[in-house]
Amino acid sequence: MEREYMEFDVVIVGAGPAGLSAACRLKQKAAEAGQEISVCVVEKGSEVGAHILSGAVFEPRALNELFPDWKELGAPLNTPVTGDDIYVLKSAESATKVPNFFVPKTMHNEGNYIISLGNLCRWLAQQAEGLGVEIYPGFAAQEALIDENGVVRGIVTGDLGVDREGNPKEGYYTPGMELRAKYTLFAEGCRGHIGKQLIKKYNLDSEADAQHYGIGIKEIWDIDPSKHKPGLVVHTAGWPLNDENTGGSFLYHLENNQVFVGLIIDLSYSNPHLSPFDEFQRYKHHPVVKQYLEGGKRVAYGARAICKGGLNSLPKMVFPGGALIGCDLGTLNFAKIKGSHTAMKSGMLAADAIAEALAAGREGGDELSSYVDAFKASWLYDELFRSRNFGAAIHKFGAIGGGAFNFIDQNIFGGKIPVTLHDDKPDYACLKKASEAPKIDYPKPDGKLSFDKLSSVFLSNTNHEEDQPIHLKLADASIPIEKNLPLYDEPAQRYCPAGVYEVVANDDGSKRFQINAQNCVHCKTCDIKDPAQNITWVAPEGTGGPNYPNM
């Protein structure tokens, strides 16, 4: 069909730290060179920051480069880290504090800040607009615009006003637009749905290890002022997880008597009975955590997958007409449990390459090889190289053995131990059969520290237009009940942190798979963990999904 179109020099998909940093850098470079570069950022959330969720302890290295005067410009870095506590939780009641000497160097946070990444992105968007970037929130990029020569020429936004069966709704239908560009950057975050399509189309991961993921579940709490320690960073390993189902937690004291509390569970977990949501709820009852939350009030909830494969899992970064940046590429440094500064730097490097190409008079459609070269020469590459073994060591040797390996690698060899560990088993292939794994009896939520899924999703402010096509696509509708249920007790009903998937009984006693798509918080776990790789997440109508205030 013929669509309306707009033309830009650069289109960027996603207003997160990578996309916004790229946009700002492009405009800075244009101003320095006295040239015009038109830049458009599209964002599927209702506003910039609405879909941003991160810990976040923020390392300001890339921000220092992008805006050296960020303090004067009012960047929301309000709480410097004042202390690091790391515990190994041995059981539901006991814990051992790890002496500072034994903590891997990458886990020290002097000079970093506890922030809301959503608020930092809102600030970055203000800077970008001040530099002349056009930002369009509420518009979901549905697919890449690829010409007959296999060159990416921009993106197509999703149609609006389509009913559940895919038919235009009278008086409401608006076809999506083509946003055409000389170069297109994809900054959709972890497991971006167009990024996934591009990796497959251009075979970008042919020389990479399998990507590995975690699911991060997070809450914001208002706590008793007498328990509040602004700047305190607490991390834990161990209980409620184990060597076959690994992960770790965080509890960060920010300003205004608030804490961020969360649990990250590696999606390589093997027990299909495990529920990341319920593991997080019971984790909050541990004395190390409970001491801060008791008497407080939960005010926000959300979840998001993270890419943690690191350097060994990076796909090829470029293709004709564009590039992947940030978590769409997989630049998170798992040894630091930080991805914001690395995402920003990747966006800045890509922007430099595009500015150089446009200044040389190139018309787009080519591969940005100078982005790849600059990446390999940057501190970002050095950081990812030094942390390349971190996740694989935990997968291979468990939390304790992997922790010992990482201590030696990071603290003695500075991340340059003369061996590279590889982990090429994808996360979805790690599940045991339900009959081979122990069942897990989760305690009922008490409504004070622990809660159910529905009341949690309510706090994410998630909303979707109900009469639209379901954005969670099953390649084969029979697989959930006929294969996943007998083999794995259909893990989707547990791995989803928002209650999207249910196995329900029909009147005749048979089972059916129900998808409550309106609950979806866009975490992407189903797209990653489904053992049959039968679920594909695609973008719903723009503005749909969570509306995180300051996650």
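A Cβ is built for glycine as well, from the same backbone N, Cα and C atoms used for every other residue.
Here is what Swiss-Prot says about this protein:
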| type | residues | note |
| --- | --- | --- |
| BINDING | 10-24 | FAD binding site |
| BINDING | Cys496, Cys520, Cys523, Cys526 | [4Fe-4S] cluster binding site |
| DOMAIN | 511-540 | domain '4Fe-4S ferredoxin-type' |
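Neighbours of Cys523 ([4Fe-4S] cluster binding site), defined as other CB atoms within 10 A of its CB across all chains, total 28. There are 30 other Cβ atoms within 10 Å of the Cβ belonging to Gly14 (FAD binding site). Note: the domain '4Fe-4S ferredoxin-type' (511-540) comprises 8 helix, 8 strand, 14 coil (DSSP; helix = H, G, I, strand = E, B). Sequence-distant contacts (6 or more apart, same chain, Cβ under 8 Å) of Cys526 ([4Fe-4S] cluster binding site) comprise Leu472, Ala492, Tyr495, Cys496, Val500, Tyr501, Ile535, Trp537. Ranking the binding-site residues Ile12, Ala18 by the number of CB atoms within 10 A of their own CB puts Ile12 at the top. Rounded to a whole value, the Cα-Cα separation of Gly16 (FAD binding site) and Cys520 ([4Fe-4S] cluster binding site) is 19 Å. Every protein chain shown contributes to the tally, and the Cβ of Ala22 (FAD binding site) ends up with 33 other Cβ atoms within 10 Å. DSSP classifies Gly14 (FAD binding site) as coil under the three-state reduction. Taken together, the residues in the domain '4Fe-4S ferredoxin-type' (511-540) have a mean pLDDT of 98 on the 0 to 100 scale. Taking the centroid of the Cβ atoms of Cys496, Cys520, Cys523, Cys526 as the [4Fe-4S] cluster site, the other same-chain residues with Cβ within 8 Å of it are Ala303, Leu472, Tyr495, Pro497, Ala498, Val500, Tyr501, Val521, His522, Lys524, Thr525, Trp537. When other Cβ atoms within 10 Å of the Cβ of Cys496 ([4Fe-4S] cluster binding site) are tallied across all protein chains shown, the result is 28. Long-range Cβ contacts of Val10 (FAD binding site) within its own chain (separation 6+, distance under 8 Å): Ala23, Leu26, Ile37, Ser38, Val39, Cys40, Ala181, Lys182, Tyr183, Thr184, Leu185, Ile354. The DSSP secondary structure for Cys496 ([4Fe-4S] cluster binding site) is coil.
The Cβ neighbour count for Leu20 (FAD binding site), using a 10 Å radius over every protein chain in view, is 32. Cys520 ([4Fe-4S] cluster binding site) sits 24 Å from Ala18 (FAD binding site), taking the Cα positions as reference.
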